[in-house]
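These notes are about the structure you will find just below.
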Amino acid sequence: MPGTVGRFDQLALCVAVTHHRPFAPQRDAKTKRNARMSSAAQTSQQTSQDLLLALAGITKRFGPLIANDAIDLTVHKGEIVALLGENGAGKTTLMNILFGHYVADEGTVTVAARDGNLEQLEPGAPQAALDAGIGMVHQHFTLAENLTGLDNIVLGTEPIFRLRRDRTKARAKLAELMAGSGLNVDLDQPVHKLTVGEKQRVEILKALYRDARLLVLDEPTAVLTPQEADSLFAVLRKLAQNGLAVIIIAHKLAEVLAVSHRIAVLRGGKKVGEMLTSDADHRSIAELMVGREVPVSRRIAREPGQPVLTLSDVTIDRGDSRRSLHGVSITAHEGEILGIAGVSGNGQAALAQLIAGLDKPDHGSVEIFGQKVEKFDAHQFAQNGIARIPEDRHHDGMVGSMTVAENIAIEDVRNAGYQKFGFLDFEAIRKRAEHAITDYDVRCPGPDAPARLLSGGNIQKLILARVLEKSPKLILANQPSRGLDVGAQSEVHRRLLEARQNGAAVILISEDLDELLTISDQIAVIHAGHITPAMATDTIDRSELGLMMAGQKKAHHAPTNQKTTTHSGETA
Amino acid sequence: MIRFEPRANPGPVLTYGVPVIAAAIAILLAAIPLALADAPIIKAYGLMISGAFGSVFSISEMLTRATPLILTGLAAAIAFRAKLWNIGAEGQLYMGAMAAVAIGSGVIDGPSWIMIPVVMIAGMVAGALMLIGPTLMKTRLGVDEVVTTLLLNFIVLLFVQMMLEGALKDPMSMGWPQSEPIIDSAVFPPLIERMRVHFGLIIALVSAIALAVFVKRTVWGFEIRAVGENAAAAKFAGISVTKTMILVAALSGGLAGLAGVAEVAGTRGYLATDLSPGYGYAGIVVAMLARLSPVGVIASALFVASVFVGADSMSRAIGVSSYLADLIVAMALLCVLIGGFLTRFTVHFDRKTAG
């Protein structure tokens, strides 16, 4: 809604904080100059000649919180190191220290100069990190959308005052880089016309153009289709062969196992493990990251029941593809998880809005519980037993300044149990919250604490408690585990599977193929507002799914007859 | 380099103490313009204090001034809570006053216990309607309500002027553009005999407390808070943003209209175009000083009213312009904004990083 921006004090004050960072570097911190990198280097079999970067004993405290606790990390030329850890494990802090955004309280950053001599990097100086050849590709790209790829790459490397621009040298250098790495992009296209994968290539080229010798990629595959991820990995391997050192920050294990040479695991600010990828296995790393055993989500075979939600030829045209659907027909059954796979921005938002009761179809009909829906109203939907888990849990899922208890009851405050003559029954609201906090293990100071104090995982648990407590018949789960750590993710999956077991129909919209293949019974693919017929998960080939997500392939077979499909229980 | 870090949870001392300290600093800062005007500073402060609190009369004057400020302050506070930026309290106040005069100057008559509620309701409805229009335009068409409500103020004032020269003009006014007086049974009785402070003050105080309870403890208040803090989440949870906004508009406009009724029926007795010296705009300042708390509005309205009344009296005695009052109130607002900022953030000074 326009005009809801805080106008008065907020605006006035924000002027002063345009660029606030949550934490400030502590310039007064004394950096110890005892380089203890020899111990860190031992894990690698490469000689110290090839050593490119050594972080030694890095400690960073924010008040009582120790974000990094004596972390050692080395990277050699031509090596791909995966830095794994859950949210809050300290990965980002460590990289910020490497880039000079933060100054470590203790420890040193040493980089091999171009002549091979190890030199200590000046702490707290981003320019020094850049000069030393450290390049970063952020998860959210830092490209000017209306400039071409070439413009973006050379931006900042050309003199500001010049009479004419000569980019022959730049082009030659980039052609060489592209040939050597396979990073092929049309550099004369404006960036907004490029796909996400191509934008990422431009970002990588940007770093290489500035003679990066160490490339840090923050969650590089989060926005890619499996095919794009595979080609990124091919590029990274080639670059590594040519001598580039790479650090990948990640929390998806499968990818890390596929591409890296070495894995370092952080948990709670400490390095809890480091191993060669060839020695590592999926389960042991997951446990290292989480610090306890991770329950594996399994579907228990179950016959699907009656149709709960049926969309017939639904069209929603909002002019832009993110918010439009074209002739969509899908059915979700009792006791079934219907996965909707797709790359973000292909109409998932429109589908979610529709099932959440926030939008109505221009065309076609929606049947819920066997009845045609006439009135699309979020309140009605919620009251009729539809659980809705929003995509953006911070933006749509909670009111930060209101209490945990109020946020749990928010859908139901008009109901008899929570108010009398319009006055809220705080006792009842509080009691429900106390139950929810225990049952769903919401970590918070208490029911009266403002919800904004909760972490992402706990906000999601709060939302689960809000919607699942009422034993819903239909669940809309839109990206329910995105951005959550492994532990919280498995909790979300367990809850959805439990609801499925109790007979709920679940629509699971996700970009995470692992998630979809693990817990869905059926998967349909959404692309450019079209949704393919649902396919039984067990018959699906991962790479085929990737092609369909990219819009290059139609459904490989006719919709399966769901009544006769047998679901195997083993999917993990 | 200066950096700001958000505070996790500012305690009650900071939350309530900061506005008080900010107000005190603003009053102290008034010494600078006083010195520039070559006024005796200590004496000026003394005159201001005695002007606002020195006698029953001055206290009565201060409370009379505070009455409409509480009501317009509440109007702004409830609207801003829901992020409905109602800048039109001035216009709503005049519409409320005009409705009170139209109904209360002899069209109908009855005992006070009927006439007083009738003029109040008339004024509140008129004020509410004035804000519901722009609110519907905001929710349906996305029209910025800051622009519409602000500009409506001028339209209303010109409309009032037109009516005072025409249909509502008092034939006995010797040509002055003013309305017929409110009939006796609709006049708010004074609280102290022969003083100007009137029944409207009670209404204002009750309104503030009722509004606080409403926002904190009722379903509608819950929905207003939810929509104001995060409209997207409220909408997702099934709260109708449009309905909630209209409720807020009715409350806010109604309270501003009530301020107009109080001025007409309590203080002035008739309507003229100089009825309000900007009470509608001052209400925004009052609400901001109170950090949008309905009960806090009482305190901040009393503060603003005493600054105005005290400065008026001081300026009469030693000849310093009474614009000093505006200056103090403006500085208090700035101080409260800075204070509010410091409540939410801690400031760190770092040496400039090298390189």
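The first residue you see is number 1, and the count goes up from there.
Note: Cβ is positioned from N, Cα and C throughout, glycine not excepted.
Note: TrEMBL annotation is automatic and uncurated.
Residues annotated as transmembrane segment in TrEMBL: B:16-37 (among others). Long-range contacts of the transmembrane segment (B:16-37) within the same chain, counting only residues at least 6 positions beyond its ends with a Cβ under 8 Å from a Cβ of the stretch, are 44-45, 289-291, 296, 300, 303, 307, 320-321, 324, 327-329, 331-332, 334-336, 338-340, 342-343.
Residues or ranges marked as transmembrane segment in TrEMBL: B:44-60 (among others).
What TrEMBL lists as transmembrane segment is B:91-108 (among others).
TrEMBL lists B:114-134 (among others) with the feature transmembrane segment. Beyond its flanks by at least six residues, the transmembrane segment (B:114-134) meets 75, 79, 86, 88, 91-93, 95-100, 102-104, 108, 143, 145, 148-149, 152, 156, 182-183, 185-186, 188, 199, 203, 246, 249-258, 260-261, 264-265 of its own chain at Cβ-Cβ distances under 8 Å.
Taken from TrEMBL, the feature transmembrane segment covers B:146-164 (among others). Here the transmembrane segment (B:146-164) has Cβ contacts under 8 Å with residues 85-88, 90-92, 94-95, 98, 130-131, 133-134, 137-138, 177-179, 271-273, 280 of the same chain, all six or more residues outside its ends.
Taken from TrEMBL, the feature transmembrane segment covers B:197-215 (among others).
What TrEMBL lists as transmembrane segment is B:236-259 (among others).
Packing against the transmembrane segment (B:279-311) from elsewhere in the chain are residues 15, 19, 23, 27, 47-53, 58, 61-63, 65-66, 68-78, 80-81, 87-93, 153, 204-205, 208-209, 211-212, 215, 256, 259, 263, 322, 324-325, 328-330, 332-333, 336-337, 340: each is 6 or more residues past its ends and has a CB under 8 Å from a CB in it. Here TrEMBL flags B:279-311 (among others) as transmembrane segment.
Annotated transmembrane segment per TrEMBL: B:323-342 (among others), in sequence order.
Counting same-chain residues at least six beyond the ends of the transmembrane segment (B:197-215), those with a Cβ under 8 angstroms from any Cβ of the stretch are 59-61, 63-64, 66-68, 70-71, 74, 77-78, 81, 116, 120, 188-191, 221, 224-225, 251, 255, 258, 261-263, 265-267, 293-295, 297-298, 301. Contact count against the transmembrane segment (B:91-108) (Cβ pairs under 8 Å) is highest for B:236-259, out of B:44-60, B:236-259, B:323-342. Listed as Cβ neighbours of the transmembrane segment (B:44-60) (distance under 8 Å, sequence separation of 6 or more from its ends, same chain) are residues 27, 31, 34, 192, 195-197, 305-307, 309-314, 317-318, 320.
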